[in-house]
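Everything on this sheet refers to the single structure shown next.
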Amino acid sequence: MELENIVANTVLLKAREGGGGNRKGKSKKWRQMLQFPHISQCEELRLSLERDYHSLCERQPIGRLLFREFCATRPELSRCVAFLDGVAEYEVTPDDKRKACGRQLTQNFLSHTGPDLIPEVPRQLVTNCTQRLEQGPCKDLFQELTRLTHEYLSVAPFADYLDSIYFNRFLQWKWLERQPVTKNTFRQYRVLGKGGFGEVCACQVRATGKMYACKKLEKKRIKKRKGEAMALNEKQILEKVNSRFVVSLAYAYETKDALCLVLTLMNGGDLKFHIYHMGQAGFPEARAVFYAAEICCGLEDLHRERIVYRDLKPENILLDDHGHIRISDLGLAVHVPEGQTIKGRVGTVGYMAPEVVKNERYTFSPDWWALGCLLYEMIAGQSPFQQRKKKIKREEVERLVKEVPEEYSERFSPQARSLCSQLLCKDPAERLGCRGGSAREVKEHPLFKKLNFKRLGAGMLEPPFKPDPQAIYCKDVLDIEQFSTVKGVELEPTDQDFYQKFATGSVPIPWQNEMVETECFQELNVFGLDGSVPPDLDWKGQPPAPPKKGLLQRLFSRQDCCGNCSDSEEELPTRL
C-alpha cells in the first residue's frame, strides 16, 4: 500500500510543477476552451453590467488591465496611470528611501516643469504635499491626490472607455467567466484531508493549469446534519472576502452527489504541523511574529467586511509555496450587522474567549483573543490553557480561560509577553484590538516595530521559512480516514433550490487573477496590429457559423465549451 501513496504523491507533484511540458498544465484544447465569443453574443451582458468605475477599472483584475491599455492610447491618461503606480510604489518603499521617492513623484507629476504633469490638480494641494513631504514622508501623503486622480478618470475617460474595443474585450472575458462550471472543468488528484461534510482533494483547471483544493460537501451528509445554512454561509463569506491572507473561493459547482468549493491550494501544510512536527515544538520569536502579523492583516480584512472568524487555531492557518499564511475553514465565521452584537458559544476548546465561554454577546473580540492564544502557542510550543497530549476536562479548560492568568517562560521576550498578555486580557473591553482602534492597535504594538505593514500587505516581505517544493505536507492517502456511507437520507427535487444558490460557478476576481497569473490573458488578449478592429469585436459583423458535424460526430460528440471540454485519454491523471 506504500506504493499507492508514492504514486499519488508523484502524480500530484508532477501536476504542481506544470506537468513538465510547455503548456504548464494546460489542456491541449485550452485555446478552444477559452475561445472568445463574437461580441454580438455579449449584448445582454453589456446592458446588464453595472457601470461602476471602481468595480470595472480598479477591483476586477482583467478590467483594470484593459482600462490601462485604453489609457495608454492617450498621453494625458497614461500620465495619470503612471502617477497612480508611482504612489503605490511610494507607499511600499522602505522608510529610509521614501522621502527620495516622494520627491521624484512630485517632480515628475506635480511640477509645472515636470515631464508628466497630471491634469486638474489644485496647486494648493500640491504645495501642502510638498511641505508635508519635507516634514516627514508619511505613507498616506498622496491619498487626496490619488482620490482626485481616480475622480478625474471616472468621468469622461471612463465614459470613453465604455465605448472602446477595450471594454468590448472585457465583455468577452466576462462572458467566458460566466460559463457553466462542472466536474469536467477540472482534473482531480489525491485526497489531502477531510472537511466536515466530505473530503478535500487537489484539483487542476484544465484550461489554465492552475492548481486548487476542492472541498467536497456530500449532499446527503449535509441533509442528514441539517447543515445547509452553515454550508451556504461559508460559501457566501468566502465569496465576499478578497484578501491575500484568507483562502480565496474561485469556483462553486455541484455534481450528482456533492457540492464543491474550489479554493486556494496551500502546499506548505498547516501551522499545527509546523509547530509540533518539525523539530522542537514552537518557533523562534521572529518567525512567530511574522505569522502573527500576517494573521492580523487577515483578521483586519475579515473585520472590514464585518465578519468575525471565531475559529482561529494552528490547524486552520495554512502555508503557501513561498511560506506566507492564509486563514482557512470559515465554517464558523458569521457576519455582524452594523451597530449590533451577536451571541454564540462556538469555536474550539482552549481558543474560545472568556465572553464566548460565558455565552455573552460580542462583535470581533474573540478573534483578538484567539490571536493571543496562537502567538503564545507558536512561541511556547504549547497552548496557554492546555498542554498537548494531556487530557483535561472541558470544564477545567474553560475555568482556566475565565479565571487563571497564563504563565510565561523565558522563551518570551518582554515585548512578546506584553502583546500576548494584552491580547489575552479576560475583559474584552480592555483587550488589545477592542479599544476602538481594531487591527491598528495591534499593528502599533512595539513587537511589530520593525515590520512595514504596507510591504507585508503587498506580499513584498520574505517569509522566515519556505516549504520544501518536493514535500507533501499532509497525511498519507491511506491514513486519511474515509467517510462512512450516509444511510436513510434521500435527495428530493425541493433540495434543488439550495443547490442552485450554492453552485454559482466562477467567482469574478479569483477567476480573473487565474487568467492573468497563468498567462492566458497575455496570450489571448490580442488586438489588430494596425489598429483595426478584430472580427470578433466587430458589432457589424456576424459570428462565424459553427462547422457542420457529420452524423457520427453528432451522435457521439461531447459538449465542448469554456473549461468543460474533456481532455484526451492520455492527458487524464492517475486517479487513486
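Cβ atoms here come from the backbone N, Cα and C positions, even for glycine.
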Candidate set Ser48, Ser438, Ser484, Ser532, residue annotated phosphoserine in Swiss-Prot: Ser484
Listed residues Thr73, Thr149, Thr485, with the one flagged phosphothreonine by Swiss-Prot: Thr485
Secondary structure content of the domain 'RGS' (53-171), with strand meaning DSSP E or B: 89 helix, 0 strand, 30 coil
